[in-house]
Amino acid sequence: MKIAEINYLQLASIIFIQILGTSLLIIPGTVVEVAGVDGWISQIVGTIMALIVGMMVFYLYNNFPQDNLIIIFEKLFGKIIGNIFGFGFVIYCILSLSTVIKQGCSITGYIFLPETSPLIFFIVFFLIVVYITKVGMNALARTNVLVMLLLITTFLVIIITGVPLLNVPLKPLLSEGLFPVLKGSLSPISWMGQVILITMIFPYLTSGNKKNIKTTILMTLIVVGIDHTLITMFTLGILGLEAKDLLIPVYSVAKLIEIDLIWRRLDVMIMFSWVAGVTLKMSFWYFCTVLALKQLLHLNKYEPIIIPLAFLTFVIAYYSTNNTVELTFYLGKIYPILSLFSYEFTIPLIMCLTLFIRRKRISKDSKEFTP
């Protein structure tokens, strides 16, 4: 059966939601804690590095447009090593997804129903993620477009209405040198590096002009980078270095903004948008995880493993950290290192170098290489 195709707008929305779905609210705090008032510069550095990851993703797509990441592993490294990389990717997805789930449940409970048992939020998100995964990629892609428009609207409202509150100068520049800026860029790189998940849906992408796929990936990363940079600048300009001590700095900014529009409470609008985004991010991560495991186990359908794997992932998420302080520390200090030295930068780089060397060697021997 022919799978439904994802068009360029839907691809852009998937990339957009996978990054901003969680980073929108907390990334200013994690960056400012390290880079101080130069946090917005760290976002620019992070965006540049993310574009390199985006180029690697496109390089793989350009050579393997009909294969997902698991198949590409096997074609590049052989069955045994390819399967090792493949199962490692599943573990990476489960650990990353459990972090997203923990973050989504913790922040949702903290803002809306602080007295409610966290288990309730885990059950609700569990049911939603399982349902969306069963519905399939096509419906998920269409929903991403709507939520992307909602997040963009929220972002623009914050920027426009937050201008009068700007009162903290973003200087002196680089007062602590370049190292804190580079160190601070690790968090945005790790978030934006999640574009690597697009490799799991290569077969779904619209067959046509590959140049359009490249443009979509890179332009979406640039837009997300601009979003990160402006949000960090405004958070610093309104809250100053106090932002590093807040669990959800962007939410704190929204509570200070008063608007007299149809939706008067901007903080509620922000949380509504964020919950929608984080739900879709969970669903996409889980969909990719299920697809990867299906491929590795050579199953005909992925439906039989949806509920068992979801149960395992949510249990890991529930017991992963004891409180939001530990979660924030993990997101700011540990996750960036783990992700960048595995499937968000290092392994894609190894894949691209391997492919490049093989193509050069075969070209030198005057043989045709077919991925």
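The chain as shown is numbered from 1 upward.
Note that Cβ sites are derived from N, Cα and C of the backbone, with glycine treated the same way.
The annotation transmembrane segment is assigned in TrEMBL to 7-28, 40-61, 81-101, 107-133, 145-166, 186-205, 217-241, 271-293, 305-322, 334-357.
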Need a quick answer: max count of Cβ pairs under 8 Å to the transmembrane segment (217-241), which of 7-28, 40-61, 81-101, 145-166, 271-293 is it? 40-61
Can you name the far-off residues of the same chain, 6+ from the ends of the transmembrane segment (305-322), with a Cβ under 8 Å from a Cβ of it? 94-95, 97-99, 101-102, 105, 118-119, 122, 125-126, 129-130, 133-134, 286, 289-290, 293-294, 297, 299, 330
Tell me whether the transmembrane segment (145-166) sits in contact with the transmembrane segment (271-293), defined here as at least 3 Cβ pairs under 8 Å among residues 6 or more apart in sequence. yes
Considering pairs 6 or more residues apart, do the transmembrane segment (271-293) and the transmembrane segment (81-101) have at least three CB pairs under 8 Å? yes
